[in-house]
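Below is one structure, written out as structure tokens; the observations come after it.
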Amino acid sequence: MAPITTSREEFDEIPTVVGIFSAFGLVFTVSLFAWICCQRKSSKSNKTPPYKFVHVLKGVDIYPENLNSKKKFGADDKNEVKNKPAVPKNSLHLDLEKRDLNGNFPKTNLKPGSPSDLENATPKLFLEGEKEAVSPDSFKSSTSLSSEEKQEKLGTLFFSLEYNFEKKAFVVNIKEARGLPAMDEQSMTSDPYIKMTILPEKKHKVKTRVLRKTLDPAFDETFTFYGIPYTQIQELALHFTILSFDRFSRDDIIGEVLIPLSGIELSEGKMLMNREIIKRNVRKSSGRGELLISLCYQSTTNTLTVVVLKARHLPKSDVSGLSDPYVKVNLYHAKKRISKKKTHVKKCTPNAVFNELFVFDIPCEGLEDISVEFLVLDSERGSRNEVIGQLVLGAAAEGTGGEHWKEICDYPRRQIAKWHVLCDG
């Protein structure tokens, strides 16, 4: 049998053929991967996110996750032009097809003659915009300062307002704050951020990010609220609260700004505005309100029944409107907290009706070393809740608190209710 011979030329051709087939395979794989990515991107862009507003942070869209789908505002304006594209009532409509290559919405052009960038606008331009946009009454009410507040400068807030008629969207851009006071005595600086609420419903509460160690923070954050008829803008007001973040305790409140939108004309385009930050309207200790509590001590089962019935004459949380109160109940044994309960939140009322019952097991015989603390708090989404007032019932308590406690000890198994005046928390 003759041996099989292979020439050197045939061996040289094999790597060339393998290389050609590998190149074609690589090109096909890359093309297939790019096609799959394009298909996924196009399918995602057709979905409309189910949110009520869009938060734009320097060109990046951030969608809040904790908003529910309840209706935020009333019916649409019936007097709008009929030839405008129809949008479902109170619906979120994002025109995603008009996005750029980065997925962001294109910026709307300002009117001719208006400054294109807020940074280039001088304070004189801001003041001129205020005079044209705000009525004298609203301007006086929002910028009136007492002699003490004028002496203590809290800085200036710069922002812009705009209404998008095509999408029925109210757009607020928080640009920057200047000249804030130092809340940290050691570093002589602050870690500021801003919370904004749309009044009077207080359903839209948003906040900016925290900027570290600065007294002139440049936020440049845009909040877009959809489904607000233009005719309803005049009935609303904006409340800004300027705070300084504190990692180890409650955030420091620098001040606040209240902007009534009555008299502000947004039909001509974006309006650049600024306002002096004023000191927050702090509650007076004499007006904390009252709390109706019912107690019953069961000596046989060694339990204490606490019923939080009502609260009345609660003060306003601030200029933003009424409080959203709830009551936290803490049970103490020898000055150590052993149990805690809380009621549901009652929205926007100074006279809340709770009618909620709690039963506590007493770890010792008698009530000599037992005390109950009631904290009435104002519920604030996204921040620490503020204490409206405090009440302590126990053997060592003074006033009505001590009297009420003595009665339930003298008359066990009897439900005894009394009104108590709240003190500073």
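Keep in mind that glycine also has a Cβ here, set from the backbone N, Cα and C atoms.
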Region 'Disordered' range according to TrEMBL, out of 73-93, 94-114, 283-303: 73-93
Stretch-averaged pLDDT - the domain 'C2' (153-274): 90
DSSP helix/strand/coil residue counts for the domain 'C2' (153-274): 4 helix, 62 strand, 56 coil
Composition by DSSP (helix, strand, coil) of residues within the domain 'C2' (287-420): 12 helix, 69 strand, 53 coil
